[in-house]
Structure formats: structure tokens, C-alpha cells
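To keep things clear, I will list the structure first and then write my remarks on it.
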Amino acid sequence: MDSNRRKSGINLPAGMSETSLRLNTGVGSPSPLIRTMSSPSPRTMSPRTISNLSSSPLSKSGGAVSDRFIPCRSSSRLHAFGLSDKGSCGSPSSGKEGGNSEVYSRLLRCELFGSDFGSFGNAGGTKGGGSGSGGSPCGSPNRNILRFKTDNSGLGSSGSGLPSPYSGSILGMDNGVGLENVTPPKPPRKVPKTPHKVLDAPSLQDDFYLNLVDWSSQNVLAVGLGSCVYLWTATTSKVTKLCDLGPNDGVCSVQWTKEGSYISVGTSAGKVQVWDGTQCKKVRTMGGHQTRTGVLAWSSRILSSGSRDRNILQHDLRVPSDYISKLVGHKSEVCGLKWSHDDRELASGGNDNQLLVWNQHSTQPLLKLTEHTAAVKAIAWSPHQSNLLVSGGGTADRCIRFWNTANGNQLNHVDTGSQVCNLAWSKNVNELVSTHGYSQNQIMVWKYPTLSKVATLTGHSMRVLYLAMSPDGQTIVTGAGDETLRFWNVFPSVKSPAVKDTGLWSLGRTQIR
């Protein structure tokens with residue numbers, strides 16, 4: 001036993017064989033790496049013993065075990081760790097100093113990877129090598145190897161991180177001409193808080209279900225007061241009486257055609273009259289409704305009328321009959337009607353809290369939107385995006401809801417805190433205005449799609465039930481039961497298109513005037 005211990009060079013305790021001390025390299029073996037020694041007083045091992053243990057062959061049953069990890073250098077971001085091949089032994093410029101190629105290489109590295117990367121190259125090549133130092137660049141490793149650098153996306157002039165890709169200097173330094181001089185954000189647009197004009201409107205009814213104010217494309221405002229319709233020309237402030245329905249009838253709705261030459265009038269008796277606004281002459285009277293006609297809407301060739309009898313009638317002035325089709329879907333009075341800008345869809349709102357969307361060729365609604373919990377009078381189509389419809393609910397709902405009529409999904413909604421009476425979308429900017437009743441009687445301008453408030457206007461002492469927009473899209477007029485019409489400048493003018501400069505030195509550039 002003693003001779004076997006001397007031959008193997010391992011000092012083993014008495015009573016212990018050499019086979020009891022063995023490295024187990026099997027992956028699935030449940031035994032520990034080193035078997036437990038049977039002797040309680042082990043002796044110390046010599047360096048020779050340790051070397052013999054480390055060089056013992058692996059078991060045939062186990063797989064190859066290695067403690068080395070070789071990364072894939074093609075996908076490694078070596079510059080992020082400050083690695084540089086500047087001081088490698090095989091570099092032809094490692095023994096040179098001050099050559100043009102080295103200056104160019106250093107400048108190129110600084111421009112591409114930043115000043116920190118260039119300093120690493122200097123530390124590996126210049127400090128460790130060169131004729132002036134006694135060491136070799138390969139003999140003294142770089143102290144910055146594997147020191148991770150955090151990629152900073154901030155400004156290059158901050159002194160830490162990579163230089164800005166928009167740097168004004170070829171050396172990667174901003175020198176005050178970088179992202180620091182970014183144009184400051186545009187301040188919010190200021191909307192005047194007071195109306196620039198107020199008109200008296202005696203006998204203007206305080207009825208949520210009526211629509212008594214409309215502004216034509218020829219800049220003429222029509223207002224229904226009692227049994228009469230008056231026209232106010234904005235350019236001259238001239239007032240003209242269009243018609244008087246007599247003591248037994250009353251005006252419930254007015255609506256101009258898109259061209260602004262003809263105006264339709266809905267009456268308390270359920271009739272629909274069409275008048276020539278320029279000559280103040282009645283063109284036609286159409287029946288079909290049993291009770292008052294509270295809302296009207298023109299497409300390019302069809303006049304739609306909604307009534308308290310819960311029906312929507314489609315009128316065509318080119319045919320002799322009173323109406324060409326009847327749309328039945330609401331269970332209560334129809335108080336909101338709007339054609340889309342492409343004349344393909346008609347949206348209707350009623351006192352049954354429903355918002356229905358109809359096709360121009362169908363007598364059944366395509367969509368039934370029932371999320372509102374109060375009457376839906378306020379309806380508007382976006383002039384900037386197709387299939388975008390906005391609607392507002394009454395006192396019990398108080399919400400403005402946005403819809404995609406292509407699939408019927410609700411895109412967004414906002415609680416305004418008060419009854420929504422009217423909605424109108426600006427054609428100049430992607431904003432909309434809403435008028436409100438109980439309990440704040442305010443006018444609100446919203447930015448879409450963020451739904452941030454641009455302005456909140458107050459002035460009416462009663463519900464703001466009526467709303468119309470000027471043909472230039474800058475001014476709105478609001479009417480209320482306080483018998484006043486107030487004019488507000490809420491929207492900017494339409495942006496001028498870019499005008500191409502045809503001068504000799506223009507080189508195809510454009511400028512905005």
C-alpha cells in the first residue's frame with residue numbers, strides 16, 4: 001500500500017485507496033464531484049499532486065467540458081466596450097509614431113465612434129508602444145478592455161456620450177451649433193374670450209330639438225324667429241325677411257343647400273318648404289310628416305327631413321312626389337341629421353338615445369350605435385378623415401363620442417360635464433367646437449385627436465342650442481334662449497399652399513408665404 005502511494009505521488013491517508021478519490025465528469029451522475037474520504041484526518045497535498053489531478057483524463061462516458069466562451073465577433077458591438085485594434089501586434093502602424101496614416105485613422109475613429117473611442121486607441125497604441133517607451137503594446141494590455149460604455153443619446157456638447165449625429169463640427173463637437181438651438185415649441189393659439197359681434201334675436205325659441213340657425217356658403221345667415229325666417233347678409237349687415245308662415249304655424253328648422261342659393265324650411269305642421277334665397281321666392285312645398293319637422297340636411301341632390309313622428313323622409317326636387325323614400329329606425333323624435341361630405345352616408349340622432357348610420361341606397365340602418373344615454377342632437381362628420389363621425393349626448397349623457405363608421409367602433413370619448421347641444425368640425429384645422437346647455441352654457445374648442453381643450457368661451461345666459469359656421473371657417477355664430485346671436489373668432493384661417501419660386505436662383509425650392 002505504501003509503495004503504491006509513493007508511485008502515484010499522492011499522499012493518501014491510511015486505509016484509503018487511490019480509486020476512492022476521483023473526479024466525476026458525468027453530466028447525469030448523481031454522485032458528488034469528490035467522493036467522501038474514509039479517513040477523518042486528511043493530509044495536505046503537494047503541488048505535484050494537484051497537477052496530477054488537473055491533468056487526469058476525462059471519463060469516456062462524459063461529454064467534453066470547457067470553461068472557455070468564444071463570442072461571435074461579427075455581431076458584437078465592440079465599440080460599446082471600448083475595444084480597439086489600434087495596438088494589435090499585427091498592425092503595420094504599431095511601431096510608427098506621428099505618421100499621416102495614424103493621424104487620419106485617429107481622426108476617423110473620433111468622428112465615427114466619439115472622442116472616448118479615440119482615447120482608447122491612443123492608450124493601447126501610443127502609451128504602450130513607440131520608441132520612447134520601453135514596453136511593447138502587446139505586453140501591456142489595455143486597462144479599458146471590457147469596460148462597458150453607456151450609449152448616451154443626449155447632446156454631444158454635454159461631454160459624456162457619443163456626439164450628436166447632427167453636429168455642426170467635423171470633429172464631432174457641437175460648438176453651439178447642434179440640437180441645443182432647436183426651435184422652441186409653438187405657443188398655444190390664443191382664442192378671443194369675448195364675441196366680436198352680438199345681435200338681438202327676439203322670439204328665438206329655447207327648444208333643444210329645433211335647428212333654427214344656418215350660415216350659407218354665400219355668407220348669408222338664416223334665422224328662424226317665431227313664424228318668420230330672416231336673412232342677415234354678413235358683408236353688409238342687411239336684414240331681409242324671407243317668409244312668414246302665419247299665426248297657425250311656426251319655423252322649426254332651416255338649412256341651406258351646399259351652393260347657398262336655396263334654403264329649406266321645416267314647419268310645425270310637418271311641411272318642408274324650399275325657397276330661393278336670392279329672390280325670396282318659394283319654390284316648392286312638400287308634405288309627408290305628421291308632426292313638426294325639427295331637422296333638415298342637404299346632400300348634393302337629396303333633402304332629408306326628420307320629424308317628431310320618428311321618421312326620416314328623403315326628398316328629391318327633380319321628381320313630383322313629396323318624398324322618394326322613408327327611413328324608419330328611430331323610436332322617438334329625430335333631432336339630428338348630417339350627410340357625410342361624400343354624400344354616401346347619412347347619420348341620424350334621436351330622442352331614443354340612438355345614433356344611426358344609413359346608406360344612400362338602403363332603407364335600413366347600416367349601424368346602430370347605442371352608447372349614448374341621452375338624446376343625440378349634435379352630429380358632425382370630419383372633413384379631414386373619411387368615416388370619422390362625432391356625436392354628442394344630452395343632459396344625462398354629456399359625452400362626445402368619436403366613431404369609425406367603417407366598422408362601427410368607438411374610437412374615443414370625453415365627458416364634457418354638461419349637455420352637448422351642437423358640434424361642428426373646422427375645415428381649416430383638425431379641431432372641433434361644441435356648444436353646451438345644462439349646466440354651464442359654455443362653448444368649447446377641442447383639438448383632435450388629443451382632445452385637449454383649446455378654449456372655453458362663456459357669455460350666453462341660457463343653453464347654447466344653435467350653432468353655425470362662416471364660409472371661411474374662422475367664425476362661428478351661436479344662438480341661445482337668451483335671444484341673442486353671438487359671433488366668435490375661434491379658428492385660424494386656412495393655411496396658404498407652398499408657392500414655388502421661379503427665380504433664377506430658386507433651384508426648385510419652395511417657400512410658404
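Every residue gets a Cβ built from N, Cα and C, even glycine.
Residues or ranges marked as compositional bias 'Polar residues' by TrEMBL: 17-28.
Here TrEMBL flags 35-65 as compositional bias 'Low complexity'.
As annotated by TrEMBL, compositional bias 'Gly residues' applies to 124-137.
Look at TrEMBL and you will find 199-488 tagged as domain 'CDC20/Fizzy WD40'.
Look at TrEMBL and you will find 1-65 (among others) tagged as region 'Disordered'.
The region 'Disordered' annotation in TrEMBL covers 124-143 (among others).
Here the repeat 'WD' (327-368) has Cβ contacts under 8 Å with residues 208-209, 294-300, 302, 304-308, 310-314, 374-381, 383, 386, 389, 391, 393, 397, 403, 405, 408 of the same chain, all six or more residues outside its ends. Positions annotated as repeat 'WD' by TrEMBL: 327-368 (among others).
Within the same chain, residues 208-209, 332, 335-342, 345, 347-357, 419-425, 427, 430, 432, 434-435, 437-438, 446, 448-449, 451 sit at least 6 positions outside the repeat 'WD' (369-413) and bring their C-beta atoms closer than 8 Å to a C-beta of that stretch. Residues annotated as repeat 'WD' in TrEMBL: 369-413 (among others).
Look at the repeat 'WD' (457-490): DSSP puts its residues at 0 helix, 19 strand, 15 coil. Positions annotated as repeat 'WD' by TrEMBL: 457-490 (among others).
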May I have the DSSP-based helix, strand and coil counts for the residues of the repeat 'WD' (369-413)? 0 helix, 24 strand, 21 coil
